[in-house]
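Taken straight from TrEMBL:
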- Cys272, Cys275, Cys307, Glu314: [4Fe-4S] cluster binding site (BINDING)
- 355-384: coiled coil (COILED)
- 14-254: domain 'IspG TIM-barrel' (DOMAIN)
- 268-356: domain 'IspG C-terminal' (DOMAIN)
Amino acid sequence: MSYRPYQQILRRKSRQIRVGKVLVGGDAPISVQSMTNTPTEDAKATIEQIRRCELAGADIVRVSVPTPESTAALHEIVREVNVPIVADIHFHYRRAIEAAKAGAACLRINPGNIGSKERVKEVVKAARDHGCSIRIGVNAGSLEKHLLEKYGEPNPEALVESALWHAAHLQDEDFHEFKISVKASDVFLAVAAYQQLAEACDHPLHIGITEAGGRRTGTVKSAIGLGNLLWSGIGDTLRVSLSAEPEEEVHVGWEMLKSLGLRHRGVKIISCPSCARQGFDVIRTVATLEERLAHIETPITLSIIGCVVNGPGEALMTDIGLTGGGAGRHMVYAAGRTDHTIDEAAMVDHLVGLVEKKAAAIEAEEAARKAAEATAQATAQAAE
Ligand code: SF4
């Protein structure tokens, strides 16, 4: 929560569910998801891709399980990765049961498409027995026939009615550990559907603009749609759908949450646009820094500013700052104050070192705080 009122986002109150070790909904942090594109039957390739997503900061990863071979591979995949795995199932109820047994943390399924009540019952039993939650994943591109006939086209009302219809199947089985998504590739449709659904229920919402497009178009479209929802407090977990590598979806998801101050992770760089006043090559420097600082998970802010017009002002609001000076020598700021100067040739290595040192100091402080808390708790328990 920010202490500046204009930065405050009030999150919609939703019930909380569990996706493996990750809590979704309630006051849990908004989690970032992605989905693999390797054939799940190829466990080795899928595990490698999930690990890349983990490094990028994914909280949850979804894999498709269309075949018995893929649910068989899921056992190994779940064992070898750290993030909870969501098994993506469409119509084959047996895949859902196999995936639950294989250790999936969540099943992405539309109960209304599973078939008979008996089959839904079996899937819910498997989910319950194996501690799985469920995601109801409604999509404008695959709405039920009866809703298309009723509404004439996929519209927000149809998406919400579909979601609540599927939800009723689970509630009939007294199963409430589920979240819902109502995705569409049209940003207006998706946003309106989520807004209506947010009003209509208190289930946690998985938000996303489906089939958003390639890296650039998809990022812009998702930022408009998801940005709108997140800003108004809607969304408990998200996936940015891009025709790009899965870890890129994770990076973009994080940037959205960081931009809105909803979560913090890694280095947030404030930097100049292209501008002739810059005292050094800002664009190239920032690109190199982004790459070299990608391993930092601790939230740190860094300003890379080309000249004194905005350099000192931006440095005031960041942990570490750099402002371009004359003759290849630039000013470094620590906690908003001028600290020392650095030669351009050594600048990038120097900044990487400063950020790494700062991250280590913050982590040590955090570890000490946690240790002190644990000691205080143990002392209080011993005194009881
Ligand atoms: S701070 Fe200086 S270099 Fe950066 S955009 Fe402004 S005028 Fe240009």
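We count from 1, first residue shown onward.
Using N, Cα and C of the backbone, Cβ positions are placed for all residues, glycine too.
Since this is a predicted model, take the numbers as computed values, not measurements.
Sequence-remote contacts of a segment are chain residues at least 6 beyond its ends whose Cβ falls under 8 Å from one of its Cβ atoms, and for the coiled coil (355-384) they are 267, 293, 296-298, 300, 302, 319-320. Listed in chain order, the extra residues whose Cβ falls within 8 Å of the Cβ center of the [4Fe-4S] cluster site residues Cys272, Cys275, Cys307, Glu314 are Ser271, Pro273, Arg277, Gln278, Val282, Ile305, Gly306, Val309, Asn310, Gly311, Thr323, Gly324. The Cβ of Cys307 ([4Fe-4S] cluster binding site) has 19 other Cβ atoms within 10 Å, all protein chains considered. Counting only residues at least six positions away in the same chain, the Cβ atoms of Ile270, Ser303, Ile305, Gly321 sit under 8 Å from the Cβ of Glu314 ([4Fe-4S] cluster binding site). The Cβ of Cys275 has fewer other Cβ atoms within 10 Å than any other of the binding-site residues Cys272, Cys275.
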